[in-house]
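Undergrad: Mind looking over this structure? Questions follow.
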Protein chains: 2
Amino acid sequence: MATASGSGMGGAESFPSTPLATPIATPVSTRSVKWEKDVEDAAAGTLDRPLLHKRCTNTTSQMAVVGANTCPIESLDYEVVENEVYNQDWRSRGKLQIFQYQALKWALALFVGLVVALVGFFSNIAVENIAGFKLLLTSDLMLKNRYMMAFVVYIGCNTTLAAAAAALCAYIAPAAAGSGIPEVKAYLNGIDAHSILAPSTLLVKIFGSVLGVSAGFVLGKEGPMVHTGACVASFLGQGGSRKYGLTWNWIRYFKNDLDRRDLITCGAAAGVAAAFRAPVGGVLFALEEVTSWWRSALLWRTFSTTAVVAMVLRGLISYCRGGHCGLFGKGGLIMFDLSSRQATYTATDLAVVMLLGILGGLLGALFNFFVDRILRVYSLLNEKGARSKIILTVTISVITSCCTFGLPWLTSCTPCPPELAAGKCPTIGRSGNFKNFQCPAGHYNALASLFFNTNDDAIRNLFSAGTDREFGAATLLTFFVTVYALGVLTYGVAVPSGLFIPVILAGASFGRLTGSLLGSISGLDTGLFALLGAASFLGGTMRMTVSVCVILLELTNDLHLLPLIMLVLLIAKTVADCFNKGVYEQMVRMKGLPYLEVHAEPCMRSLVAGDVVSGPLITLSSVERVGTVVETLRRTGHNGFPVIEEPPFSAAPELCGLVLRSHLLVLLQGRIFTRARAKTGAAEVFRTLAPFDFAKAGSGKGLKVEDLELSEEEMDMYVDLHPITNRSPYTVVENMSLAKAAVLFRGLALRHMCVVPMTQGRPPVVGILTRHDFMPQYIRGLYPNTIPR
Amino acid sequence: MATASGSGMGGAESFPSTPLATPIATPVSTRSVKWEKDVEDAAAGTLDRPLLHKRCTNTTSQMAVVGANTCPIESLDYEVVENEVYNQDWRSRGKLQIFQYQALKWALALFVGLVVALVGFFSNIAVENIAGFKLLLTSDLMLKNRYMMAFVVYIGCNTTLAAAAAALCAYIAPAAAGSGIPEVKAYLNGIDAHSILAPSTLLVKIFGSVLGVSAGFVLGKEGPMVHTGACVASFLGQGGSRKYGLTWNWIRYFKNDLDRRDLITCGAAAGVAAAFRAPVGGVLFALEEVTSWWRSALLWRTFSTTAVVAMVLRGLISYCRGGHCGLFGKGGLIMFDLSSRQATYTATDLAVVMLLGILGGLLGALFNFFVDRILRVYSLLNEKGARSKIILTVTISVITSCCTFGLPWLTSCTPCPPELAAGKCPTIGRSGNFKNFQCPAGHYNALASLFFNTNDDAIRNLFSAGTDREFGAATLLTFFVTVYALGVLTYGVAVPSGLFIPVILAGASFGRLTGSLLGSISGLDTGLFALLGAASFLGGTMRMTVSVCVILLELTNDLHLLPLIMLVLLIAKTVADCFNKGVYEQMVRMKGLPYLEVHAEPCMRSLVAGDVVSGPLITLSSVERVGTVVETLRRTGHNGFPVIEEPPFSAAPELCGLVLRSHLLVLLQGRIFTRARAKTGAAEVFRTLAPFDFAKAGSGKGLKVEDLELSEEEMDMYVDLHPITNRSPYTVVENMSLAKAAVLFRGLALRHMCVVPMTQGRPPVVGILTRHDFMPQYIRGLYPNTIPR
């Protein structure tokens, strides 16, 4: 029977989406209840602290700012559910099956690498060809002096591509907009929202990203590649599908969240590796930025996935060098050639580099601030529907086109350096350092060389060494300001948009500008300055250290740069950390995803676990009436229910364990009922159901309570929950410090934690803590002025 | 009062060193007790499982094979002890103090980097000069054809140096022998044995390593550098010393195991960075091999420490290039110049590389097997005392000298390649590819070029590209076999000895041998083959992937090699993992250190927490008679005692928390006693003692029970334990699956875990689980045939 003990609430995870979840209790002012009880307890003289009487429910809902309609959020089940089904499954696995499982897990990880490499390669070729065709068309018209026509073609191509990308995002998969790294980060923190990694999101992410980058936006395809990698891994890790008959014996072993988590980590790393051709950087990125729980075994597996990516890409690129890939040339995946050429630095050099770090940190923090503000504005527009999303995107596209086409007219033409051969300056083709734009023969337009190019080529131009006087200070300043502003404006439109490229572009131009201004007192190359500038901006916005450092090293292939890059990154991160959080953390928060931080909030130290459990607690008896179970499942959205062993099965009520909603549904579907209230035992269950039937389906695919069709007679029978009850749920005593409970919850990646009473003679469980109960905003709502202990 | 409830045993950590720890119970056969109780429980009809009645004590002692006298082993306290002292301390810290703490923690981490870099640099210079002087002396005599004299000088120098190193190790710090990486690994897993990181160990490690490497042994200084780094960090992280008046306010914040752990991780990473000049590799090594718990914040801090190392080393080396450092030349820290020069590989190349990986894995696993066997033999000799240690070392030194001096005589002289200038071949100086040895002018001795050199130079010779025909197959085979055998023989002598160099030497010669045999079917350079061979051996013995890969990349400074190195590493590790464990894990196990593995043993899944708690459980009352406390501390070596709240302070006995031995001693020392049995409260405690008084002293330095001097009268008074009781100990219910309890214990880095009863009406705590209770050998001893659940 379902007991509403008026204390603690079980598994409130999908609460905001299921208003049915507050059936019994009417929310009462927490504070008043609290103090009332305090007095009672004090009178009873047994307890120092108020206990477990909150009738309020936990409503830390998604205050999503970006991507208006976030879907219902569930937590993932990373805890091993040690019930008889699990034990049966585990015992039934022979050595061969364990080997199959291991081998298949490896094969899948490598396959993810292969697929991600192919996708990365495809999107690169597509961008190179589409953007290349667009730029060729425009520059041909420019050469014929038909400037107006060129502008029309240019802006027409850009807006068409932008509108297509926005339409894909707005109508098919809204979750595909933006970088995707915050979503992957949240998923790996245990937050499941179906659309985050859905196949539709994957497709839109790939094509939307190609279209968006080709449209000449100031955005990159690196962030989206991470999301793509995670989506590919999630798709492959579904563990087969019953619907399509894909249920081989060995595929079913992956039908659990733990294996999926590992695979998706590999996918995210593969995405970075494919985007930057940086296999070690990919692993470190996954470790530093994306995952919340890391296992040593994962290091190895992730590493092999990225190794596959690196090898496949290398093979494909050498194939393309033969000219088989259209306009895809030496551009391709980013790879900059830059050498330090000097082994020692003077003290002045170091001082200049430190200055760069400080400025980069400041500008990076400012960038995060602006992005935050602009996203809040955009979210108001985006909420109005798909059409307004497309209009916003097109508007930004037009602004971008006007800037990139218009600004080069403001600069005068520069004569080509005399030492260069005629073919090299100006370059009339697709890529190269010197764009002629509107200039006469023998001259080039410096600003056009940066603007009128793909972003990859612009970065390559900025990073190129030994070209100290190619770009003047005014050119660089104009470019920097424009790119910085456009970068802020572009992020948040309904297009898959990575932040790496805008930040690198802005940072590189800023660094080169600093270099050309301070070149007289420092002996470093301006190309190196550009690299250090990019590093400082990356450190200032993303707050990553090791992974950005390794990615930059892998991009430039010169390890001698390491100490300088490290220095600049550390300074930039330290400076920026004084002002705000990293851009991805900021976005996770803005999207209202209940992300569990590593460190407990300071306010938690003055509270105990019993202080935050919210009611009503719904428990099931170990042998329960079918009707009660069904009713409980219908009434609530909870995912876990404490099971109480009651007389006659035990002398006194005691906690038997925790049962999951999905397992309850499978058991009910199997109709293993008895007329009398008696244990049926596990053997009876396994006569009808196999352990595999209890495996967790892909997100959004499991049984629902509406799918059950039970007769009136069946509703009056009893069901034995013992076989599916997790006998070893993690528990905390109600007077456990909340901070330490949070460490346990986060450290072991739990979804439910049972709170048990300290004193005897009370119900054996007094509440359940879930992710939402540890959210700082919820706790601060309960206790606006935390009471010191 | 001390209750011997006959169930569960508290904090058995220092048990093997304190035979007093089994005062009450006589060990009874576990099995018989178990089944007896089973029957009882079945009769009572309340429980499915036997519960908590083992009267045996946990005696998983150190079966140390290596380094005979391991000192008493304690666990480290990583859990936050949330008692009133802690809360008081935390509340009293202002913003300024928190900033001080942060700033100082950073400063210490950077300072560790600086010191480790200086130590690394010093030991390099010392080795280069001592070994260089020795080789110069010998080759001068050789040039004068006084071969016998040269041999006498050579062997004399070597044995003297070896004897000195062994004497240092044997008499001053036996813990300094060997690589040191297993010890650091164990420390960071929470195992504290005082001498592991003591200052004497540090000094012997540095000087012993210099002497050992100079003595021409086939061993490296890389492993010892890691240990040195950890020792330096441990020394700096002591948090001041009362004895020497070094107790600044801000230094005392580091008097806890958590901060020390962070610092020692930085130190270990700095050691790798200093040994290989590989800052990123150092961080990854610490992450992959050394630490057991990793925090994201640590990544950043470790990274900055290694950045400091890299920058300081770079500065010092460029200073030495000016010729200010004696014989220290371009040799110095390892840095190999090797380029792939080719971007594509054929399928044959890949097949050859795979073959190399497989063979490397097999030979690596075999190496581990031999090392294991030889260590068991050596430990018998080493146990006999310091003198036999020295004799063993000198014997191995003589064998090594005979091999390195004798074997080159077996090969005939090779004429110098005609394209080389006269000065380059043969090289008469210190380092170079072509040693003339006994050969006439214009000829060189290939084997001497490898043997008659420092190990670093030998590796450089093997790695050098474009010298395909310098070393014949016979030369390489001889060298490989000798180095492989000497590597096995040398590890385990009483000298600080790293395994990296022997493994790289053997691997490189093996790889080059394969290359020269298969050169006809593969287009890869033989130098590249040597590198891949080294990678395969490293993968096969140490089983590291990412860190070895990055270290090799940082050594060779060519990222194009990445895919091949990755491939070979993965294959070698996979192959070797089929046979045995990595060499460091093997050694941790052999030294009998109670290392907690990440994964629970499969046998734990069929047991529950209550099955392994061992007795007798010793508890204290929340207000306890002083005499009882003192007696308990004297009688047992336990580190933690459950505190029971008893009437009149509560209605029924309930678990108040856990109190630590060190805190008890401080409280007793402070003499905060009352005549009546009553609570005194925290305020009374803080009138006499400051929170700092409860800070954990450096290992082996805290108060001891023998230091207490209490009068008879005081022994009869009462002491209130509430202020020092950790009110939030982590607990598990007795029927919690042992596997899940192990996950909790290891995941949160606990030292004690209270086991609470499932049914009501029993004592509030039924036992304590500590590290030893999770050791597989202990569990297997209790349940030789684990019963399926």
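Positions of Cβ are set from backbone N, Cα and C atoms, glycine also.
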Undergrad: Which range, A:390-410, A:474-494, does TrEMBL list as transmembrane segment?
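TA: Going through A:390-410, A:474-494 one by one, TrEMBL flags A:390-410 as transmembrane segment.
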Undergrad: Can you tell me the mean pLDDT for the domain 'CBS' (A:725-785)?
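TA: That stretch averages a pLDDT of 89.
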Undergrad: Is it the case that the transmembrane segment (A:193-219) and the transmembrane segment (A:559-579) have 3 or more CB pairs under 8 Å, with pairs at least 6 apart in sequence?
TA: no
Undergrad: For the transmembrane segment (A:559-579) and the transmembrane segment (A:148-173), does the number of C-beta pairs under 8 Å, pairs 6 or more apart in sequence, reach 3 or more?
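TA: These two segments do not touch.
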Undergrad: So what's near the transmembrane segment (A:350-370) in sequence-distant terms, Cβ-Cβ under 8 Å and 6+ beyond its ends?
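TA: For the transmembrane segment (A:350-370), the nonlocal Cβ contacts are 484, 487-488, 503, 506-507, 510-511, 514, 518, 521-522, 524, 529, 532-533, 535-541, 564, 567-576, 578-583, 586.
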Undergrad: Report, as numbers and ranges, which residues of the same chain sit near the transmembrane segment (A:106-127): CB under 8 Å and 6 or more residues beyond its ends.
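TA: Distal contacts: 206, 209-210, 213-214, 221, 225, 228-229, 232-233, 236-237, 254, 262-263, 266-267, 270-271, 273-275, 301-302, 304-309, 312-313, 316-317, 320, 325-326, 328, 332-333, 454.
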Undergrad: Counting each residue once, how many in the domain 'CBS' (A:725-785) are helix, strand and coil under DSSP?
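TA: In the domain 'CBS' (A:725-785), the DSSP-based counts are 21 helix, 12 strand, 28 coil.
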Undergrad: In terms of Cβ proximity under 8 Å, which residues at least six beyond the ends of the transmembrane segment (A:148-173) contact it?
TA: 130, 134, 137-139, 141-142, 195, 198, 200-201, 203-205, 207-209, 211-212, 214-217, 386-387, 389-390, 392-394, 396-398, 400-402, 405, 493-496
Undergrad: Same-chain Cβ contacts of the transmembrane segment (A:390-410) under 8 Å, 6 or more residues past its ends?
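TA: For the transmembrane segment (A:390-410), the far contacts come to 151, 154-155, 158-159, 161-163, 165-167, 170, 215-218, 378, 381-382, 437-438, 445, 447-448, 451-452, 478, 482, 486, 489-490, 493-495.
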